[in-house]
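Trainee: Annotations for this protein, taken from Swiss-Prot, read as follows:
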type: TRANSMEM; residues: 34-54; note: transmembrane segment
type: TRANSMEM; residues: 58-78; note: transmembrane segment
type: TRANSMEM; residues: 219-239; note: transmembrane segment
type: TRANSMEM; residues: 254-274; note: transmembrane segment
type: ACT_SITE; residues: D307; note: active site, 4-aspartylphosphate intermediate
type: BINDING; residues: D344, E348, F377, T378, A379, Q380, S381, R382, M383, S384, K395; note: ATP binding site
type: BINDING; residues: D518, D522; note: Mg(2+) binding site
type: TRANSMEM; residues: 588-608; note: transmembrane segment
type: TRANSMEM; residues: 616-636; note: transmembrane segment
type: TRANSMEM; residues: 662-682; note: transmembrane segment
Amino acid sequence: MSRKQLALFEPVLLVQALTDAVKKLSPRAQWRNPVMFVVWAGSVLTTLLTLAMVTGQIAGSALFTGIISLWLWFTVLFANFAEALAEGRSKAQANSLKGVKKTAFARRLRAPRHDAQADNVPAAELRKGDIVLVKAGDIIPCDGEVIEGGASVDESAITGESAPVIRESGGDFASVTGGTRILSDWLVIACSVNPGETFLDRMIAMVEGAQRRKTPNEIALTILLIALTIVFLLATATLWPFSAWGGNAVSVTVLVALLVCLIPTTIGGLLSAIGVAGMSRMLGANVIATSGRAVEAAGDVDVLLLDKTGTITLGNRQASDFIPARGVDERTLADAAQLASLADETPEGRSIVILAKQRFNLRERDVQSLHATFVPFTAQSRMSGINIDNRMIRKGSVDAIRRHVESNGGHFPADVEQNVENVARLGATPLVVVEGARVLGVITLKDIVKGGIKERFAQLRKMGIKTVMITGDNRLTAAAIAAEAGVDDFLAEATPEAKLALIRQYQAEGRLVAMTGDGTNDAPALAQADVAVAMNSGTQAAKEAGNMVDLDSNPTKLIEVVHIGKQMLMTRGSLTTFSIANDVAKYFAIIPAAFAATYPQLNALNVMGLHSPNSAILSAVIFNALIIIFLIPLALKGVSYKPLSASAMLRRNLWNYGLGGLVVPFIGIKVIDVLLTLLGLA
């Protein structure tokens, strides 16, 4: 991935964030965050009190009240700034995507073939179902499916990858994205969306936050923060008559300062920024999430369904051996295997053709000149082959070929069964070749498990995440590779229906399931999974069914997606712990300052030895505002992530952010008190 990463504090972003922070001071904007709305209301009230004191309408220290009011406004501004900075980083990422959208004309065909008559129309007028012709050098005008042709496509504007990709009709690489450019040849594309609904439009809307809604965990935490705010508001409201009855009424300014310091303003001010930054970090990994809910769900996932090919193994299986059945010549097996693979464009199919050529000098033959019919592989049949000169040759998985043989009145030989087991026990994939009802033998396909993947699965296991390998291989091959890779479980001979059933089974047990997919046959399982990462190179159906799209089309990215989701949840939890813990230190600063005149015994709580009641209150309010600024980098970058169990993670958080939340305010408030005293403001 070559997408440029934004620095944490770009000067342009800082200026824009400051401007947006001021704009967010409106009551309508503040009302969306109840905790900060209370601070905003306190700021307005103390500002009015300051003006009244300056004009002599009421008695009191205008300087003290004015400084309190100023720092309350700073508290609101700093919270606005954190949110605006997070949104600004996302908008900057979106601007690079907007540059991809260009006003252009499209060749809309009157019939679904490349030589049909075409009309030049603005790309914005294209509708779902329209057929367009795109030639070399053109920008693809809409999202769609290739129905004819094949071409090299530059998708760097979206994926950040400079290497072109092949898009062609009739397979899992038929999906194209509007805004990408054709480098060679031509494509006939059926538009799959209306204007404003394209993948680019959805990416931009998501990244800019236009479709951002609070996630369930955010809503639950917001309710908790509101409840705490109401409790502290009621408690503070009772303190005025309580102190007045004692003969020394506490001023409204002090009560407002006390309330603001007691309510959880730190997490209240950073909560929105954490959510926006989480989605931004996901985009930084070249993954587009359709909502914050998807990112959050990634953090709660406890079952990963991982395709074997390309995720656990390198995915470049190569034919390495022909093992004929008893009574069959190896050359005969190789010839049949090559014929069955002539029109198979997969790496495995091409390797079979090449191996037959190397072993027995069997030359490739043109399928069309042979007047043969190629039978393509499907997820349901799990075999492919060729019909030629009254010969019906098939190659495929053991079970598929066994059913084929038995349905044609044949018998599956015991020696071939043994050869299949021997190949599978070595971790290779056996393909069986059959002509009619006669089994000819086995092709050995070798694949290599990715380096370091076993250690990554061990880390996931520490975190309580179960890994399940999904493969179309037979159980013996699957078991051998699963043991080598270190996964917890596997699903062998997988079909789309089996994947869907497995996901539902785990969900019925109360688990959250994540998976990847790229084909139309993956769409039902992607739609069912809690976190569904569709490959950008996959079909439109897969991308619509998933709640994330990986622009790099790298199935291994699912593990990184889970890490980012967990980091976002950890960041939110850590800052919540810190916010609530640092309230304790503020009690020791403000409570003695506010009520020591009425109850001298409370001076015993002044463990920090603060200079005066006024300096104590000012120090607490100033610290309350500054801590938001100091925590913005942590909210945007996320806390440092380590794969730990839930209990170990809880202990780490309580130690770092619970104890830190207790200690840091004591130090910070004392330092501010000393500075205020030196400046003569206390």
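The backbone N, Cα and C atoms fix where each Cβ goes, and this holds for glycine too.
Map these features onto the structure and tell me what's around them.
Mentor: Within 10 Å of the C-beta of D307 (active site, 4-aspartylphosphate intermediate) there are 23 other C-beta atoms, taking all protein chains into account.
D344 (ATP binding site) carries neither a helix nor a strand DSSP state and counts as coil.
Below 8 angstroms of C-beta separation, residues 67, 581-582, 584-586, 588-589, 608-612, 614-616, 618-620, 622-623, 626-627 of the same chain, each at least six residues beyond the ends of the transmembrane segment (662-682), sit close to that stretch.
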Trainee: Relative to the Cβ position of M383 (ATP binding site), how many further Cβ atoms are located within 10 Å?
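Mentor: Excluding its own Cβ, the number within 10 Å is 23.
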Trainee: As a test: from 219-239, 254-274, 616-636, pick the stretch that has the greatest number of Cβ pairs under 8 Å with the transmembrane segment (58-78).
Mentor: 616-636
Trainee: What's the CA-CA gap between S381 (ATP binding site) and D307 (active site, 4-aspartylphosphate intermediate) in angstrom, rounded?
Mentor: 19
Trainee: Sequence gap of 6 or more, Cβ distance under 8 Å: name the residues on the same chain that satisfy this around K395 (ATP binding site), in order along the sequence.
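Mentor: Sequence-distant Cβ neighbours: A337, A340, S341, I352, M383, S384, G385, I401, L431, V432, V433, V434, I443.
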Trainee: Return the residue, from the listed binding-site residues D344, D518, with the maximum count of other C-beta atoms within 10 angstroms of its C-beta.
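Mentor: Going through D344, D518 one by one, the largest Cβ count within 10 Å is at D518.
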Trainee: Sort F377 (ATP binding site) into helix, strand or coil using the DSSP assignment.
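Mentor: Reduced to three states, the DSSP call for F377 (ATP binding site) is coil.
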Trainee: So how many other Cβ atoms are close to D522 (Mg(2+) binding site), meaning within 10 Å of its Cβ?
Mentor: 28
Trainee: Compile a sequence-ordered list of residues in the same chain as F377 (ATP binding site), six or more apart from it, whose Cβ lies below 8 A from its Cβ; state 'none' when nothing qualifies.
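Mentor: Set apart from F377 (ATP binding site) by at least 6 residues yet with Cβ under 8 Å, we have D344, T346, M383, S384, G396.
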